[in-house]
Each structure stands twice: as structure tokens, then as C-alpha cells.
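Trainee: Mind looking over this structure? Questions follow.
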């Protein structure tokens, strides 16, 4: 059973990432691959975008975490994902799974369910619509974006967490993170994160980095989620207008690189539901 310690030190997990410099093996999408690599570096971890089916089985053992994102899936990606997931599960390397577009495309939904059923996934991270879709609810999606209000998302999170024995993160206006019978709400962030492509993918690989550096997946996942929200807030504070989206995107990397454990601790807004 998971427990939530309201006094846990968010900043400890950022410090661990920077001390351990975990290697994150990412099989991710082409749209946001560069953003994922840069946010990982800014946080203090090391990314590797190794996706060839001829290489992944040899590369996974070198990593501390595996991040799977199906945003631009193709057959070679599928082959590589299965090989990587098998090796990671064999070696007990944590897997973070981002079911991008599963709400809109049945073949993606089938792939994600198969991975969850057959491999040891440490965390599922998706928007409200994707998470509800995985649980068999009707989610409303427009392409890769969520249009779902997620009124019952806490219950859905709990069902998925217990079914697949994994941590579940549903992102939205507030982010809900569930493991077993415990759900916490992260209230950091800004609507501007939803106006640039890649913010969700960056969060997914950050979770991978934080989990890869820690023995406590639960608290590390929470800390990673807070980190992304906090640097989003800082980036918004650094621009002159809400239309400065290019500057906002760059500022995310700047503030992640400069983020201190003290700032993360002081600005984190986490509560148990």
C-alpha cells in the first residue's frame, strides 16, 4: 500500500537527479524529441534517443529508466518498444508509458493495453481523456489533445493503478497522481503549458529521470510533476505577454536548469485527496 508523507522533501529528488545523472532511454516521438532531450539535460539527467530495433536490447541495460511515448508510432517503433519493454522488465528498470493519442486511435489503445498487461510499467502518464479511455470510459480527444473535463478522474486513476499495479498520472488544470488507494493533487503549472507542443512529453521524460535516480518511485514522480509545473510558472513570470510562446518555451529550459531544491520545495503545491 502506498502512503503519502505530506512533509516529504520535494527538493531532495531534484538533488538526486543532479547527483546521480541517470541515463534515460527514450523511445519517443519526432515532434518533441529535441524538447525531451533538452529538458532532461536541464534537469541534470542524460537522455538517449536510441530507437533502432537492432540496438535497444543492448542499450536498455545501460539506462536507469525507459520512457516510451507513442506520439509518432510506426512499425519499427513498435518492434523497438516491445524489445525494450521486455528487457527493462527483465532487469527491473522502471518504465514510464505515455499513451499519446490512444483516445483517438484504436491501434494505439490496443498497443498500450498490451504493454500494461505484459510488462512492468512503473508509471502511466496521460491527459484526462487518455487515462479515461484506458479505463474503458468515454474520453473526448481532438487529435493528441484532451478536451475532457475529467470530473471522475480520481476514481479512474485508482482503478487503473490497482488493475496494472502502477502509478497513474492524469494531467489537466490540476494533475492527479495515484498509486493504489492514495491520490495527490499537484496544483502547480500554468495554462500556457497547454499552448505549446511538448509540455506533456517533457513531463513524461522528467518523471523517468526522477524515478531513475530514486528508490521511491511514488515521491519521485510527484516531485517531477511539481518541477514541471514550477518551471512553467517561472517561465510565465519571465515573459512580457501571454502571446510570447516562443520565449516561454525557451524559458522553461532556462528555469529548469537554474531551479534549486529550495525553490522547488517552497513553490510546490501538493495535497492529498
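Every residue gets a Cβ built from N, Cα and C, even glycine.
These came from Swiss-Prot, pasted as-is:
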BINDING   49, 198  substrate binding site
BINDING   125, 171  ATP binding site
Trainee: Cβ-Cβ under 8 Å from residue 49 (substrate binding site), same chain, 6 or more residues apart: which ones?
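Mentor: Expected: 26, 27, 28, 33, 36, 37.
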Trainee: For residue 125 (ATP binding site), which of the three DSSP-derived states applies: helix, strand, or coil?
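Mentor: Reduced to three states, the DSSP call for residue 125 (ATP binding site) is strand.
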Trainee: With a 10 Å radius around each C-beta, find which of these binding-site residues (125, 171, 198) has the fewest other C-beta atoms nearby.
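Mentor: Per-residue Cβ counts within 10 Å for the binding-site residues 125, 171, 198 bottom out at 198.
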Trainee: Just the number: how many Å between the Cα atoms of residue 125 (ATP binding site) and residue 198 (substrate binding site)?
Mentor: 13
